[in-house]
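The block underneath contains the structure these notes are about, expressed in structure tokens.
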Amino acid sequence: METPIDAPNKDEHECPRWKKSTVVFVLGGPGSGKGTQCANVVKHFSYTHFSAGDLLRAEIKSGSEFGAMIQSMIAEGRIVPSEITVKLLCKAMEESGNDKFLIDGFPRNEENRNVFENVARIEPAFVLFFDCPEEELERRIMSRNQGREDDNIETIKKRFKVFVESTLPIISYYESKGKLRKINAAKSSEEVFEAVRVLFASET
């Protein structure tokens, strides 16, 4: 069965170049509450939410060759190659029928950003960063018991190390361009969403 990454010809599988699409990247350490807050934004502001992690896990469940490779990488706390993640995101956006997207957990490094911009031809309207201390992130992940293979303390620490080394430079990049919107994610979910709500009401 063909997957989004089987493409022999890049041009045939590029994202549509929507001129009026609004894309918001949502970044934060593992356990920072990105998914919960994205669901709130979807409810109140009519965005379509895509989690890079959820799309990768769906590919794993499909039983494809790439799914097995993704599973191994996630278990080791490594970042999946950009081409795979971007093509999964492009396919999801193309099938959504919407033109307002929250992309959660992406880009995770400079390569992700370059591949997305080159394929999708879209720059984010802004980048939402949920800032939260490592100790709080570990506590949240260990207490949520979602049955995910990547929710054990060693893998959590690996994921946070990857986040610090690879994603914080991306956050600095967007901050230098005036596109970063930082939220204190150590507060309660309700307090965090109030800050998010005010932000989206002013930005969109």
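Numbers here mean position along the shown chain, with the first residue as 1.
Yeah, the Cβs are placed from backbone N, Cα and C, and that goes for glycine too.
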For the ATP site that Swiss-Prot lists with GLY31, SER32, GLY33, LYS34, GLY35, THR36, LYS187, give the additional residue from the candidates ARG57, ARG78, ARG144.
-> ARG144
Inter-residue Cα distance where the pair is ASN112 (CMP binding site) and ILE79 (ribonucleoside 5'-phosphate binding site), in Å = 10
How many whole Å apart are the CA atoms of GLY105 (ribonucleoside 5'-phosphate binding site) and ASN112 (CMP binding site)?
-> 11
If you draw a 10 Å sphere on the Cβ of GLY105 (ribonucleoside 5'-phosphate binding site), how many other Cβ atoms land inside?
-> 25
Site extent for ATP, whole Å (max Cα pair distance, GLY31, SER32, GLY33, LYS34, GLY35, THR36, ARG144, LYS187) | 17
Helix, strand and coil residues within the region 'NMP' (51-80) as assigned by DSSP = 21 helix, 1 strand, 8 coil
